[in-house]
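Take a look at the structure below.
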């Protein structure tokens, strides 16, 4: 293909071409368009530099690129060692990062490691290291296996943790000792085994000390204990040292950022996979995703501190309580300056929760400037366009730091962070796992799904690398005050809030608190659906994502509103903001393209109804808060089947399905009862968000086993 200069066609460098099947494996085929330079011949005379003429042509070379899309496990492992790294550089990192979603580590090693022959003992006085000639005799596949194992050990060392013996790591260590003795990979395996054993010994020592010095067990108090509530109402938060808000805004924000950074750096990306994270509340799954659970606990601790400090001591005057609200707004602003979006989101969620939001007299005493800051910060996490604002800002923060780095500058000169709100990525992965099948026709592993998961995990890892640039020192007094801050349960928060400002019967506009103060923020999906491909055409058009209706979008932008009059709370960024805890299913995903199989190439978005299906969220009314589960609702689904599937996802015995009723949650605190025999798809309100609630019928008294933990 040739075109004159200045008339170059604006063609994409990589164009989808179709699929190929080879030995039971499915490959996606693309055409890569690469430019090659060609100048005019040299002028007469040797040694002269060629000068391009004005009519120089642009030459392009088109090459065929194949990427494995689906295959059986044996073929995937074979691709690890024999695949073309230049054509498909993302295969190995994607497989290593996501393999635990479809196969255990031991089985992969069973395919990957050939049984090594016993090496002959070296003669006395002869170095056992390989000579250069022996290295050259290594087979290509053997070198590839060693390379894959080296990447695996460096990037995913926790995959080999299997206490107490760490058998998988032992097998790798033996193989590398035979295949690459003295090499970097063998040394990595040795060091990792030493670290695991040392860590286990340290944990055992700490456990022995704890058992030796721990006193009698404390009596656990229920969250709704009247004793705890009386203490909160009469005495307020009690601690021997200073309270958290006694410290400066900068100090508190920096310590919150320090804790968030440490926890985020420990997050194992594979624990964020939707197939793993969605199993966390099942019986016997308490140990799943511990590093992600730690970030959830920290988020909930911060929201609890805000609630406890603002609602404590009901006898405070409205002006005094307003000062506490203002200080938390300034702390949130400082977190934004530190690029800590995790604590920023936690503080805003607490201030927007109903127990604090309903305090009109306290909000009326807040100064105009903090209110303006609060509105601007709240816009970051606005529900508009499926939380597109927070995603755009996070991407802008990442891009800014790359652009601000001059050529040749040291990485230490780059700004640290940002610390993301992990819930966004968790929900992206959960919804991706829900939307795309694990296997395709012929029981082939859908590796295209794993590639899309890897794109999200890779971004998490990039953010972790950037967060290593933070240089913050711990302040033990502030950390102690944070731990000592009294935590209020959701029921306590609401009761104390009503003591501070009793609900006025003559004020119907006062927001009515729901008991469903959720443990989960909105779970919604924005998956870009691909257009039906024509023969020889592109199977998908990522440039045309489908828009999604975001449940609970604000009617108007807070930045355009006038400050509220005295005695009114500030405008909330959304009509529903009761959540005070980090979602376990987290935040809505953003618009990323998803390639689907021809049989399922059109997946409805959460809150968006197609002619045949819709993704809905179903929660269950219990004492654990709202734990939402996503369900694909088709036009054939009747209420009993939807109730049964929802109970199954909430780990409630299915024989109890007849004891439950399904309600659609409508705007304005209204609910729509779905009759038992009705077709849910047609009985629901299509204009309302796809949020549903399961509630026990009157006269039934089963105890639910579902838990948000």
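Each residue, glycine too, has its Cβ placed from N, Cα and C.
According to Swiss-Prot, the feature region 'Disordered' maps to 26-55 (among others).
Residues annotated as domain 'N-terminal Ras-GEF' in Swiss-Prot: 64-201.
The region 'Disordered' feature in Swiss-Prot is assigned to 203-225 (among others).
Residues or ranges marked as domain 'Ras-GEF' by Swiss-Prot: 248-503. Averaged across the domain 'Ras-GEF' (248-503), the predicted model reaches a pLDDT of 88.
The annotation region 'Disordered' is assigned in Swiss-Prot to 395-416 (among others).
Feature annotation from Swiss-Prot assigns region 'Disordered' to 502-604 (among others).
What Swiss-Prot records for 506 (among others) is phosphoserine, and it gives a large-scale study or a structure entry as the kind of evidence.
Per Swiss-Prot, the feature phosphoserine maps to 510 (among others).
Taken from Swiss-Prot, the feature phosphoserine applies to 553 (among others).
The annotation phosphoserine is assigned in Swiss-Prot to 568 (among others) on the grounds of a large-scale study or a structure entry.
Residues or ranges marked as phosphoserine in Swiss-Prot: 572 (among others).
What Swiss-Prot lists as phosphoserine is 577 (among others).
For 600 (among others), the entry in Swiss-Prot reads phosphoserine, with the evidence type similarity to another entry.
The region 'Interaction with HRAS, MRAS and RIT1' annotation in Swiss-Prot covers 611-706 and rests on experimental evidence.
The domain 'Ras-associating' annotation in Swiss-Prot covers 612-699.
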What are the DSSP helix/strand/coil residue counts across the domain 'N-terminal Ras-GEF' (64-201)?
85 helix, 8 strand, 45 coil
Kindly report the helix/strand/coil residue split of the domain 'Ras-associating' (612-699) according to DSSP, in that order.
21 helix, 34 strand, 33 coil
